Structures are given as structure tokens and as C-alpha cells.
Amino acid sequence: MRLSLANKLSFLYASLIYLFLYMPIAILILYSFNQSKLNAVWTGFTFDWYLKLMQNTEVLEAMKTSLVVALISTIAATMIGTLAAVGMYRYQFRGKTALDAMLYLPIVIPEIVMGISLLALFSQFEIPLGYLTLIAAHITFSIPFVVVVVRARMAGFDRSIEEAAMDLGATPWGTFIKVTVPIIAPGILASALLAFTLSIDDVIISFFVAGPSSSTLPLKIFSMVKFGVSPEINALSTLMLVVTLFLVIIAERIRMRKN
Amino acid sequence: MNPPVLDSAPANQLQNETKLKYQIDYGKAWTIWPVFIWMILLFLLPMILVFAVSFFSRSSFGGIGFPLTLENYSRFFDPLYLKIIWISCVLAFYTTICCLVLGYPFAYIIARSPTQYRNILLLLIIVPFWTNSLIRTYAWIVLLRTEGVINTFLLQSGLIEQPLSLLYNESAVMIGLIYTMLPFMILPLYASIEKLDRSLLEASKDLGAKPWQTFWRVTLPLTTPGILAGSLLVFIPSLGLFFIPDLMGGSKTILIGNHIKNQFLTARDWPFGSASSIILMVLTLVFIAVYIKITKDKQGKDLV
Amino acid sequence: MVKSWKKTITYSAIALSLAVTAGCSTSSSTSSGTTAEGLDKELNVFNWSEYVPEDVIKKFEEKHGVKVNYSTFSSNEEMLAKVSVGKGIYDLTVASDYYIQPMVKEGMIQPIDMNNIPNYKNLAAEYINKEHDPGNQYSIPYMGNTVSLGYNPDNIKTEITSFADLWKPELKSQIVMVDDQRFVLGMVLKTLGYSGNETDPARLEEAKQKMLELMPNIKAFDSDSPKTLMVNGEVNVAFVWGAEIALAQREKPQFRTVLPKEGLMISFDNFVIPTGAKHKKTAEAFINFMLEPEINAEISKSFPYISPNKEAHPLIDKDIMNNPAIYPPEEEMKKVESVKDIGDAIKLYDRVWSEVKSSQ
């Protein structure tokens with residue numbers, strides 16, 4: 001009895017938090033069907049914005065850029081960051097404190113400072129602005145977040161498990177892949193999600209390091225603000241949400257069936 | 001682009017030599033080097049440029065000029081700028097506390113939910129954040145404004161007679177900040193709670209501890225790394241964040257992030273902007289030093 | 001097992017570098033060569049967002065066979081920061097008039113070859129050869145904007161005829177203002193009877209005190225989309241870009257434009273060519289194209305700002321030409337004050353602004 005009450009309360013609490021997280025999303029979806037362009041008052045139901053979106057090559061192109069940049073930078077940042085977290089957990093070495101500082105500072109400095117300083121760097125070395133600089137910048141600001149999250153997972157990690165695996169004859173690499181990674185996997189997943197989220201939504205740093213022909217979706221949206229963001233963006237967000245949710249559910253289904 | 005060079009790891013030989021200690025050295029080189037090289041090239045180097053600029057002066061036309069000076073630093077220690085940084089810290093602190101209080105039970109519930117649902121529950125936290133932040137903030141504005149969804153609902157259900165002023169005040173700013181920062185708290189908390197050994201909790205229960213005692217004496221101390229990591233991930237970015245306070249608070253206060261942005265953009269005083277950034281970084285380093293000190297002590301206890 | 005792990009990483013590293021280089025090559029693929037007219041085949045334009053309709057750019061591309069890479073910024077300051085650091089990225093950008101002098105002095109922009117811009121003759125005399133760029137050596141005016149006053153008389157019972165009326169206690173939490181220190185402090189200075197470009201510290205201190213008194217009446221500062229607050233009934237008084245008032249009037253026609261006694265402040269945006277531009281001649285061809293009367297009228301239709309193009313005026317809708325929020329009447333234009341570069345005094349403005357905003 002008591003347990004089920006606790007379960008009910010848990011369920012209620014979790015639902016409230018999800019309600020908080022999804023309330024604005026519901027509004028966003030609702031307004032993708034609104035006739036008014038000003039995104040202000042409800043004037044009537046329409047599918048127009050979805051049709052217009054399909055013809056808006058600029059927005060679609062920007063979305064493609066955003067996805068490519070986010071995917072590549074997430075993979076790279078998660079790899080570099082996870083290795084770093086493991087290494088920093090395991091080893092003592094000179095310069096560790098310095099590395100710590102270098103990893104936390106990017107989280108705090110206002111994005112504009114990072115954006116301008118990266119632009120200064122790229123122009124100093126005459127690196128043309130484009131996909132390369134965008135991805136490099138996104139990896140740079142994602143790594144610290146990955147390291148922090150994976151390290152939280154590593155803290156208090158029981159090394160005797162690794163030792164046991166090696167006692168049983170596993171190679172160091174085998175141990176790392178078969179033992180260490182599965183244990184810290186939730187941390188890696190969480191950090192990858194975080195990195196992707198950061199990348200897909202970044203504006204300020206992207207503004208400074210994007211070239212004339214590599215505009216991301218947030219940049220495009222921010223540039224629309226002056227004249228009112230068109231509900232096409234709501235339509236696009238809705239579609240992206242639906243696709244993401246769909247993929248997530250399919251992946252889960254497959255995984256559960258395997259189990 | 002510095003992908004770890006895999007084949008050069010002298011793992012196998014070393015492993016044979018030090019088999020007894022299991023001190024696997026294959027990793028040291030290429031767990032640490034990629035991040036080291038990357039951050040030096042793409043973070044430290046640009047920051048050195050910023051640091052250098054902070055000692056120059058603003059030319060009359062907004063460029064960077066001579067003489068070299070420390071004035072940019074002394075200028076910052078003015079009651080005005082100290083007040084700005086204080087306001088930013090207070091706001092970031094409140095955000096962190098609120099996120100922690102809201103996020104901890106939530107992360108706990110997810111971490112204790114049936115295994116097959118955990119990933120999907122986790123993803124559901126993140127999915128809203130794959131929409132654009134500006135659009136999301138506008139959605140909040142639609143909810144909160146005078147003729148907005150919440151006011152309309154409350155008016156029509158007869159709960160209130162006059163629309164509430166929900167937007168462009170401090171509570172609106174807090175809602176916006178908590179909304180944006182909550183996942184940064186939940187994810188590390190989840191990672192930390194999820195690995196918590198259940199048998200410890202059962203042992204505590206068997207020894208006659210009440211649930212709250214178990215929580216206070218066992219769960220909370222063991223999840224401290226997650227709490228600290230989450231707090232750091234929320235507190236530090238909230239310090240520099242100004243876009244939410246601007247949109248939902250009506251840009252009526254100036255935060256340290258606004259201040260630095262104004263120096264680089266509006267006032268075109270790059271040296272002062274750089275000096276302010278350096279000061280903010282030093283302040284952060286102090287917070288981080290405290291964090292490292294706490295977590296190190298914690299780890300020490302764990303390992304013994 | 002170990003091998004497969006290594007393989008995975010190696011392959012993904014290779015895939016990664018391939019993707020990156022592929023991305024690179026597409027972004028830096030400069031279509032070299034020239035068109036029949038001797039123009040380059042590529043042009044990198046950096047402009048305000050929502051300032052040139054897509055169709056106009058397409059027409060230019062078709063007419064001259066040039067590929068235009070159009071990227072955007074949302075404030076002068078962003079543009080300046082990016083252009084000043086990244087030399088040679090852009091061939092053409094747009095700057096407000098009070099930024100022209102600093103850009104010239106910092107060597108950021110280069111003289112324009114007027115021989116390539118015969119349509120310069122279409123510009124009305126009052127908009128060219130201004131103080132900030134005598135002889136228009138470096139800049140060609142594109143469009144202009146005033147910060148105007150508007151209010152909704154349905155909800156505001158008191159009369160508003162001047163900036164000074166904004167201080168009335170009845171307007172508590174009723175005003176939205178542009179989040180721009182030059183225009184807002186300029187307005188306060190004008191209310192006090194000074195110039196909107198005042199640099200005297202004592203007068204700025206006075207303006208600060210006056211501004212502090214105004215703060216309770218301000219609901220929000222918003223430069224991006226203040227019309228939303230006007231349309232939603234969040235505020236009933238607005239000190240915002242003229243075009244924002246005009247756009248709000250489309251949804252709420254009762255909004256009334258006020259021509260304040262103290263006089264308005266104006267700023268113009270100008271085409272400039274950054275130093276190190278790789279396609280200068282093509283940029284000049286683009287400027288010339290934008291000064292065609294038909295093209296200019298087409299732009300005005302989508303984006304109702306003040307056009308300096310006298311040949312285009314007869315082609316622009318009467319509704320736009322007669323809206324005082326966009327085109328203030330002639331007598332008003334005579335006393336309008338331009339925002340000017342104020343050199344080091346910008347530090348004072350910034351300080352006053354910070355003090356006002358951290359007072360709460």
C-alpha cells in the first residue's frame with residue numbers, strides 16, 4: 001500500500017515536471033496552425049505555414065547545416081570529452097589543474113567573448129569561415145559539458161571491477177570497452193544529448209564563426225526576429241519534434257523487442 | 001582535428017611489464033592529449049588574445065590602441081560594476097537552488113523507474129530543447145502575457161477578475177531561467193543517482209534507518225558529485241546568461257553578460273570588455289577551485 | 001574485440017575528417033572567373049536581416065549572372081565586430097551613418113568608385129553629401145529610420161504630444177522602448193532641451209537623473225520586436241522604430257503616431273565596401289542595382305523604411321508615403337536630428353545606461 005502511494009506521488013511529480021517542460025512546446029505547436037503571421041493572437045486554423053515551409057529553401061538549407069554541424073560536433077566532442085573524463089579520473093599528471101581550468105572556463109565566459117576570440121584566431125591564421133570553423137567552435141564549447149557530466153558518473157567508480165576483469169584475462173582495451181564504458185554509458189549518453197542540444201541551439205558563437213554561405217537555423221531565426229519570426233519556424237519545430245519523438249519511440253521498440 | 005592516434009599506444013608492452021599493478025598506461029597519452037591539444041588551440045590561444053587586449057586602451061574610434069594600461073582592471077572595481085556582478089551572482093544562485101530542489105526528486109524518480117523506460121524518460125527531458133530557444137521563449141511569453149493563455153484561462157474560469165501581471169518581472173525571469181537550466185541539473189543528477197548501489201539503501205533500511213535517515217545519511221552523500229556537477233553546470237552558465245532575463249524581464253536590469261556584450265558591441269571598448277571577461281573568468285576559477293576541493297575530499301572518502 | 005573497437009574509432013575519425021573537409025570544400029568553393037560584363041561570379045553581402053526581399057536578389061543574380069551569398073546580422077554592433085576582425089570575408093555591408101566615421105578612421109572601409117554607380121543621381125539632395133561622409137566617398141545611403149512615438153488612445157486617456165508627456169504618472173508600466181542607449185538617452189536629452197548627441201558629462205548626469213524617474217513607467221525595453229507588445233495589449237505607449245509602429249497599426253489601427261514637440265532622431269543605413277573586399281566592382285554593381293527606382297520601390301513595399309531615392313517615391317504606395325510613422329512630414333524632417341558618432345563620450349553613455357539599468 002505505502003509503496004503504491006509513493007509510486008503515485010512519484011508519477012504525479014514527474015508528470016508535473018513534464019507538464020512544465022512541454023507547456024511552451026504545446027503552445028509552439030498550436031501556433032504553427034495559427035493564421036496570423038505576427039504570432040500574437042489566434043485568428044484561425046491553417047496548414048499554410050507547413051506548405052510555405054516546404055518551399056522555403058533558405059530555412060530548410062539552414063536546418064540541414066544545423067543538423068550536420070550538431071551531429072559531427074556531438075560525436076567528436078563526446079569522444080574527446082569522454083576520453084578526457086576517463087583519463088582525468090584515472091591519472092595524476094602535471095598540468096591537471098590547468099586542464100581543469102581550461103575545461104570549466106568555456107562554460108562561464110559569455111559566448112560573445114568566445115565568439116569574437118575564435119573569430120580573431122581564425123582570421124589570424126587565415127582559415128576561411130565555413131563548416132570547418134563552425135564545427136570546430138561547436139566541439140570546443142561542447143567538450144567541457146561532456147567532461148563534467150561523464151566525470152560526475154565516474155566519481156566513486158569502483159576500480160576493483162576493472163581489476164577483476166583483468167584478473168580474468170581481459171586486455172586493458174577489452175576491459176575499457178566491456179567493463180568501463182558500459183558502466184559510464186548513461187553518463188556518455190546524457191553528455192551526448194547535452195552536446196547536441198547546445199549545438200543545435202547556439203546563436204552567438206555561430207554568428208561569429210559562420211561564413212557567408214553557412215548559416216545555421218538559429219542564426220536564420222534570429223535574423224528573422226526584426227520583422228517577426230514567421231510561424232513557418234513553429235511548423236519546422238513541430239515537424240522536428242514529431243520526427244525526433246518518432247525515431248526515439250521506434251528505437252525503443254526495437255531495443256525492447258531485442259531484450 | 002586531432003583524432004586520437006590509436007596505434008601508437010604502447011599498451012601491450014607496458015601492460016606486460018606492470019601487470020601486477022594494473023596501472024594501464026595505454027590511456028594516459030591518448031585520453032588526455034586530444035583534449036589538451038584541442039583546448040589549447042581553440043580555447044587557450046584565443047583567450048590569450050583576449051588577455052592581451054585587456055591591457056590596451058580604447059582608441060577614439062573604438063579600435064584597440066596604446067598606451068598599455070591596467071586601468072581597465074581598476075575601472076571594474078567601481079561600486080557600479082561590483083553591483084552588476086553581485087546581482088548576476090544572486091540570480092544565478094537562486095536559479096541553481098530552484099533547479100536543484102525541482103530536479104533532484106525528478107532525477108531520482110527517473111533513475112528508479114523500470115529500466116526499459118529510463119532512456120525514453122531521459123530523452124523526453126531533452127526533446128523540448130531541440131526546438132529553438134527563441135521560439136520557446138516566445139511560447140512562454142504567449143503563456144504569460146496579459147492577454148495570454150494563463151490569464152485568459154484564469155479569467156474565464158472566474159478565479160481572477162483582473163488579469164495578473166505575469167510577464168516582465170522577476171518571477172518571469174526565474175521561470176525562464178529554471179526552464180532553460182533544468183536539464184543541466186537533471187542530467188548529471190540522473191547519472192549520479194542511477195549508479196547508486198541499491199543494496200546500500202536496503203542495508204540501511206535493514207539496520208533500522210527511517211527512509212529520510214537513509215536519504216540524508218546514504219543517498220544524499222553518495223550523490224553529492226552529481227549535485228555539485230549539476231550546480232556548477234547551472235550556476236556558471238546562468239552567470240553569463242542574459243538573453244532570457246532580457247526577453248522575459250523586459251531588459252530592465254543589466255547583468256554581467258549584458259555588461260560584457262555592451263563593451264564589445266555598443267561601447268566598442270574591447271579592452272574594458274576583455275578585462276571584464278578576465279575578471280569573470282577569475283571569479284569562475286574561484287568557484288571551480290572550491291568545487292574541486294570539495295569533490296576531491298569526497299573522492300578521498302570514497303576510495304578509503 | 002579490441003580491434004573492432006579501434007576500427008570503430010578509426011573509421012569514425014576518418015568519416016569525421018572527410019565530412020569536415022567535404023563541408024570545407026563546399027563552403028570555400030569560390031566560383032572563380034568573371035561574367036561577360038567583367039563582374040566576378042560571386043558576391044558576399046552582409047546586411048540587416050529582412051532588409052532586401054529575396055526576389056530582388058534573384059533579379060540581380062539573373063540579370064548579371066552573379067551568385068549572391070547573402071548573410072545577415074541583427075545589429076550594427078554585431079556587423080562592426082565581425083567586419084573589423086574578419087577581413088576579406090564580405091564584399092559589401094550596410095552601416096548606420098554614425099558608424100561611417102569610425103569605420104573610415106579605423107581603415108575598415110574603402111572609397112567607392114562612383115563611375116560604377118550611375119544611379120547615384122536618383123538620390124534626393126537632402127540625403128547625400130552629409131556631414132558623416134562629405135561627397136559620399138565611402139558610403140551610399142540605402143534606407144532610413146526614425147524612432148517615433150505611438151500610443152493607443154483607447155486605453156490611454158491622457159494626451160501625449162511630446163516626449164515630456166512620457167513622464168506622466170498615469171503611464172506607469174505602460175511604455176515599451178527600443179533597447180538602444182543612443183536613442184533613449186538622446187530622447188531624454190532632447191526632453192531636457194539639449195542635443196541628442198550631447199557629450200557634456202554634467203548634462204548626461206542630468207539626463208541620468210531624469211531617466212531614473214522614467215523607469216517606473218517603462219514596462220520593457222525591446223529592440224527586436226516591440227510591435228508584439230503593442231499588438232498584445234501589454235503596453236499602450238511605444239517609443240520604437242517608425243516601421244514597428246506602422247506594422248503594429250496593421251493589426252491595431254487605433255495606434256496613433258505622435259510627432260513630439262522636441263523633434264525626432266533619425267539614422268540612415270548606408271552601403272559600404274569593407275577593406276580587403278574580394279569583389280569590389282561586383283559590389284558596386286549591386287549598389288547600383290539597388291538604386292534602380294523600380295527595385296527600390298519593390299524593396300519599400302516589403303520593408304517600409306524611408307527611401308532616399310526620389311525617383312522611386314512616385315512608385316511607392318501612397319499609404320506608406322503618407323504614414324507619418326514612416327515618412328515624417330516635411331516640416332518635421334527639417335528639425336529632425338541625426339544620431340552622430342560621439343567618440344569617447346560613448347563610454348559616458350554606456351556608464352549612464354548601466355547605472356540606470358542596475359538601479360532596480
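Glycine residues also receive a Cβ, built from the backbone N, Cα and C atoms like all the rest.
According to TrEMBL, the protein has these features:
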type     : residues  : note
TRANSMEM : A:12-33   : transmembrane segment
DOMAIN   : A:63-251  : domain 'ABC transmembrane type-1'
TRANSMEM : A:67-89   : transmembrane segment
TRANSMEM : A:101-123 : transmembrane segment
TRANSMEM : A:129-150 : transmembrane segment
TRANSMEM : A:188-213 : transmembrane segment
TRANSMEM : A:233-251 : transmembrane segment
For this session: Decide whether the stretches the transmembrane segment (A:67-89) and the transmembrane segment (A:129-150) have at least 3 CB pairs under 8 angstroms, with pairs required to be 6 or more apart in sequence.
Result: yes
Exercise. Hey, would you say the transmembrane segment (A:188-213) packs against the transmembrane segment (A:101-123), going by three or more CB pairs under 8 A that are 6+ residues apart?
Worked result: yes
Exercise. How about the transmembrane segment (A:233-251) and the transmembrane segment (A:12-33): do they have 3 or more C-beta pairs under 8 A, pairs 6 or more apart in sequence?
Worked result: yes
Problem set entry | Long-range environment of the transmembrane segment (A:12-33) - Cβ separation under 8 angstroms, sequence gap at least 6 | 39, 42, 45-47, 49-50, 231, 234-235, 237-238, 241
